[in-house]
């Protein structure tokens, strides 16, 4: 995610794109950094992965035989050697930053060096249909708990505990939010526009969900109706159940959207209903790939078999993504791996798509 062209050229390019291009809906670019200490087994491991919308496109792993930022999507492979060199150097610099931040966190929390600890950082930008910043974010976590986060105004911080308040005071004194805001409003959006253009066929597609409802008897008195959406992209989708037109949100079991392993996603929503009253329930599906929302009912004559194989495959892929990327459950609260008490270092260039000028340093 590093810029390979001179910044002046990039700004001209992004300005041209902003004037001539529009995008359906909003789009996002996010980076997830994770550093894990392992006492007695060498330096902490550092992994960063980059996503445009729901597509992973780059990955760096400090444990690789020859650590480099590597492509994870065909459309990013067109970037030249300078891009990959710059992204690699930014990732290596962040790895060193987070290793130092792990040491600082031990002091802040009065912890022993004998245990393993984790720092996570999630940051990025959302862009609206007009090609401009919709929202920016930077959130960090330590050992799976919120640490510090940039507020929506992009100019202030929220610290989760007294240790994080030390970091907050340092960053406020150094006006770190200003640097981060400049990256989010400028470089981040510029690169997101570029990636959307280069990966147009993949990133700007909308795969229509394949939908159906299945029926699962629980007893003589109750049954589960499960509404399925399969093979859709992008991942954002809404599934809701209604009874006689009234939302059943409180009574609905809803699973997280899952990758299917082929670049699409899966999701289901279930509700327990009294036997014999199934016809009173409707499932409503909203997705970018649909010209209008769908309304589904269970049709007894077309009872479907649950696609267990597909769901199991999706879960397996999800496990690989989570474990392999070591991005754990930090997304759940949008935690990230910022430096505990760190400050942003002025790295070699602000042209990195990762934002080398917002690297958290102790």
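A Cβ is built for glycine as well, from the same backbone N, Cα and C atoms used for every other residue.
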- [ ] Tell me which range among 9-18, 299-308 Swiss-Prot lists as region 'Connecting peptide'.
- [x] 299-308
- [ ] Report, as a single number, how many Cβ atoms besides its own are within 10 Å of the Cβ of residue 110 (N-linked glycosylation site).
- [x] 7
